[in-house]
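**Student:** Take this structure, written in structure tokens, and hold onto it; I'll ask about it next.
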Amino acid sequence: MATRIGVLALQGAVSEHVHALENSGSQVSLVKNIGDLEGLDGLVLPGGESTMMRRMMDRYGLFEAVKQFAAEKPVFGTCAGLILMAKQIEGRKGPHLSLLDIDVKRNAFGRQVESFEADLAIKGISDHYTGVFIRAPYIKSAAANVDVLATYEGHIVACRQERFLCCAFHPELTSDPAMHRYFVQMVNESR
Amino acid sequence: MVQKGTDRVKRGMAEMQKGGVIMDVVNAEQAKIAEEAGATAVMALERVPSDIRKAGGVARMADPTIVEEVQNAVSIPVMAKARIGHIVEARVLEAMKVDYIDESEVLTPADDVFHIDKKAFTVPFVCGCRDLGEAARRIGEGAAMLRTKGEPGTGNIVEAVRHMRLVNSQVRKVVSMEKDEVMVFAKELGAPYEILLQIKESGRLPVVNFAAGGVATPADAALMMELGADGVFVGSGIFKSENPAKFARSIVEATTYYQDYERIVELSKGLGTPMKGIDMSNLEPAERMQDRGI
């Protein structure tokens, strides 16, 4: 059976992730309610607004359900998704899902006028990758067991810790399938 | 190589707003209520559209103090409005690092012929449109996001519905056309040919299109999503209602779960009186904001 990956669809760049995952050979479905997680092999937390996604996850119990899902299955977070996965967030009392041993700074590069595209090398994934950074966070520090995959100007912008993958940029806004293929492969290996 | 202000970065910022609600606010307190309710961005204004309507006179860019106050109050993106064609108001807002500028017919136009050359800016712009001609002209000028014009400050959804339906039906029309028919359609719409060709080839608008102008209830927001809006702007509706926090939260949820009707039943209960609203036939031609800057 083909790999089935869900995309958290409360808000944000959902359709772009769906498209990229389908092109990487996965079956894809949207996750808006707890029941939508059933039968999924992996989950993507898309770019968007992390504050909004957290509020919505809290209202109908999706937050606990996603945490339980992540206790066993691979999760890939981009931008806002990365913030949801971090164990520490600068200027915020507690973390959200608290999956990754990283300390992140929100809107770390500044407001929208500072948003940018830059060439990145992503370890084991791509030597030339266009990173699209939109009001992006970066990872201030990562624990020793976190595998740093990419840095930009000395800041960590992509990493992996066991079944968890995250990046500060938006692979869903480029036509380069490398990051999504990598995640689909992670999910396949975990099954 | 690093590039700022590219089309991808400008349009991408709007993609991140999809499925979300952008709320008009006039101070820090309202901005915090909006963020807490789950707004994906706020629009910092001096007055909401229904008050602009009541006040009459010339409506301009907000006092920078208000915009700064809102920027300092929330971590979600902050948008602000410049008058149509007012290059300097837009530059001032860019200098203040607002995240998006709405070149808006809600304010009194500064130029009754030309819009701003939005490609010359690093900050992205959102513009209103009533049909595909307007949509394509604004995209041609560099708008990175669109919204229906609707009829702002009326609490009446009918114009937003008309605009969303018309744009989408014209997109479907251009997509199904033979390539050699596109030029004449461009002429009829007053639309840049290259933009229509792009739409034909990709099968969709190159930027997101939100609903705006007249959204007054959770069901209105869900209706606009049903009709194909990528998200919703709510102006006067929220902070003119009896319980803004509850109202804001209900609009946010109705936008995400727009096809979950049992949920919308619950969301619509006990919201108090929504804004009274204005019937279109009671508006004088001069009072119609949507006819500005076409």
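Please read every residue number as a count from 1 along the shown chain.
Heads up, the Cβ atoms here are built off N, Cα and C, so glycines get one too.
Taken from TrEMBL, the feature active site, nucleophile applies to A:Cys79. Residues or ranges marked as active site, charge relay system in TrEMBL: A:His170, A:Glu172. Taken from TrEMBL, the feature L-glutamine binding site applies to A:Gly48, A:Glu49, A:Ser50, A:Arg106, A:Ile134, A:Arg135.
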**Student:** If you measure Cβ to Cβ, which of the binding-site residues A:Glu49, A:Ser50, A:Ile134 are under 8 Å from chain B?
**Tutor:** A:Glu49, A:Ile134
**Student:** Looking at the active-site residues listed here (A:Cys79, A:His170, A:Glu172), whose Cα lies nearest to that of A:Ser50 (L-glutamine binding site)?
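**Tutor:** Nearest by Cα distance to A:Ser50 (L-glutamine binding site): A:Cys79.
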**Student:** Across the record's L-glutamine-binding residues A:Gly48, A:Glu49, A:Ser50, A:Arg106, A:Ile134, A:Arg135, the largest CA-CA distance in angstrom?
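**Tutor:** Largest pairwise Cα separation, rounded: 13 Å.
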**Student:** Quick one: of the recorded positions A:Glu49, A:Cys79, A:Arg106, A:Arg135, which has its CA closest to the CA of A:His170 (active site, charge relay system)?
**Tutor:** A:Cys79
**Student:** Calculate the distance in Å between the alpha carbons (Cα) of A:Glu49 (L-glutamine binding site) and A:Glu172 (active site, charge relay system), and round it to a whole number.
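**Tutor:** It is 15 Å, counting Cα to Cα.
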**Student:** Distance check, please: Cα of A:Glu172 (active site, charge relay system) against Cα of the residue listed as 'active site, nucleophile', rounded to an integer number of angstrom.
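**Tutor:** If we compare the Cα positions of A:Glu172 (active site, charge relay system) and the residue listed as 'active site, nucleophile', the gap is 11 Å.
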**Student:** How long is the line from the C-alpha of A:Gly48 (L-glutamine binding site) to the C-alpha of A:Cys79 (active site, nucleophile), rounded to the nearest angstrom?
**Tutor:** 7
**Student:** Just to confirm: which same-chain residues, 6+ apart in sequence, have a Cβ under 8 Å from the Cβ of A:Arg135 (L-glutamine binding site)?
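**Tutor:** Correct list: A:Asn107, A:Phe109, A:Gly110, A:Arg111, A:Gln112, A:Ser115.
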